[in-house]
């Protein structure tokens, strides 16, 4: 993204670029037909369950002022508006954990002030949203998104681990509360007797750990040996919501003399019940807030503005990674401006604001990449079969596929249809294997399934329909509140723990923490699997010092969230990492080491073959995963980043790609080869090339 700080320049460029493809955003989605429902349903479950969980967390933290009704309504309204008039339709909006934390701090502050109290909390938070919106307007107009790249991996991964800790904290706190008598409840009820409280707590542990373990297991279903491919894909994509249903069903097993309140379930008023819509008229009470608190609302608003600026922009950035080969322009500045209007609207409606969320945004793009792959593959396979039936030559077959590929694209007038060029280059490479390009072709010469898989690049079905549909479905959950209230709260605590653990793989900060606790005699095992490149290029002592710095900073941020009033300042600590990384860390670490430890992209090295004989034997019988499994493996689960496979030079901090560099300039990443660090599987072999077996700093430190 080009840096521009001329007022309104970034917004103007974003609007100009997105308006040119606005019509195509809709027609492309409708042309996909019913196939668009698969990514829509996938991202709906990924959005709805966390929002329901955050609603239960807010209900407890705000004494019932805010519930799942408000979090679902905010997510639905903001999502629908963004999908219609937003810049980047791949970006998913929703109420996020940082917003819940900030609103918890604000409620505790208001509750402790007689001038505000519980009754004026929403009115005061409305003023906070007004100030937040004004600051977001200023940031968008001045082009602040131009410097989002200065938030390096240090800040992003530390923030991610902080959120994981807060998720786990909420899960533990919720489970402990299952053994206690809830506030605002009649303590004389049978279910609150000591014996029944203990029974409720133990049953809550069963439900929570049941969801956690089965949810984690289902995420790896695509690599299972059992079941058909479609069944494994179904479990991998929808296993977590299915497990929520399963364990909710298990919660209804107790019967007979068991009190009705065991286990405890989600509490929220129905949206049509008397008093449930009091939030929507909060704007009438905003003038009742004392002037000193209206001015004072600027302090938490500045923290929320910083938080949204960072979180929203990074979510949009991860949804538009270059490996997705997106054809349409970005819209960082305009989307931040729109977020300001959405925040203002939410404040006036008395609901918590929504912003871009991680990892749902890159998950949305990934699901649409799978859809585009399926659509392209079906069209090209049908074209190839028709060409073979008419005894076409190899050259004619590729010409026909080029034409079919061209019809599948609706490129903008100012963009080049890169797919046509790549098919042409693939054809040239194919002649080295097949001989005469004009020779007759049949299925023994041209393996339709394999050859077309090799030709297809990673592309995304960029459109607005899936985002609009999933937001509408989230809104439908508000009407389904009587059904949602059947979910046990302990299942939601298990889901919080699931989100915490699920966010750790792919976080290099977490991987370094694990490395510090690995016995020196066992560190070589890290090298036997795909691993971060810094493991081979940076001395272990430097890795340890850098990790200790990050851990200390993380604990300071986490400790800050425990301080009643000062806790609202934790986003400022994340922003402070920019000057710390730019000016302070270079004084203590070598630039080359910092470049590897704080790489802009997620880079990893292939496994080092410590047992070459065993590797050869295994490699001769290895079968390769399907494309959907590859897309799961190629992206980190914590932030939805693409993994970049490279073979680092032990003597240098720089890395050289495993594949031929000249090929990387011709071919875009393929679905069937990107995980293996290849650019074109039809030119390069389908197995990763082993890295040099030189001694890495990790080996040297562990051999002592």
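Easy rule for this one: first residue shown is 1, then count along the chain.
Keep in mind that glycine also has a Cβ here, set from the backbone N, Cα and C atoms.
Per Swiss-Prot, the stretch carrying the note transmembrane segment among 439-459, 460-480, 481-501 is 481-501. Checked against Swiss-Prot, the domain name for residue 10 matches that for residue 388, so both face the same side of the membrane. At the 8 Å Cβ threshold, with sequence separation of at least 6, the transmembrane segment (338-358) lacks contact with the transmembrane segment (196-216), having fewer than 3 such pairs. According to DSSP, the secondary structure content of the topological domain 'Extracellular' (502-557) in residues is 39 helix, 2 strand, 15 coil. Contact between the transmembrane segment (156-176) and the transmembrane segment (234-254) is not supported: fewer than 3 Cβ pairs lie under 8 Å, counting only residues 6 or more apart in sequence. Per-stretch counts of Cβ pairs under 8 Å to the transmembrane segment (234-254) identify 196-216 as the leading one among 36-56, 196-216, 290-310, 481-501, 558-578. Non-local neighbours of the transmembrane segment (36-56) in the same chain are 29, 66-72, 75, 79, 92, 94-97, 99-100, 237-238, 240-241, 244, 266-268, 357, 360, 363-364, 367-368, 370-371, 461, 463, 465-467, 469-470, 473-474, 477, 484, 487, 489, 492, 495-496, 499; each lies 6+ residues outside the stretch with a CB under 8 Å from one of its CB atoms. Across the topological domain 'Extracellular' (142-155), DSSP classifies residues as 10 helix, 0 strand, 4 coil.
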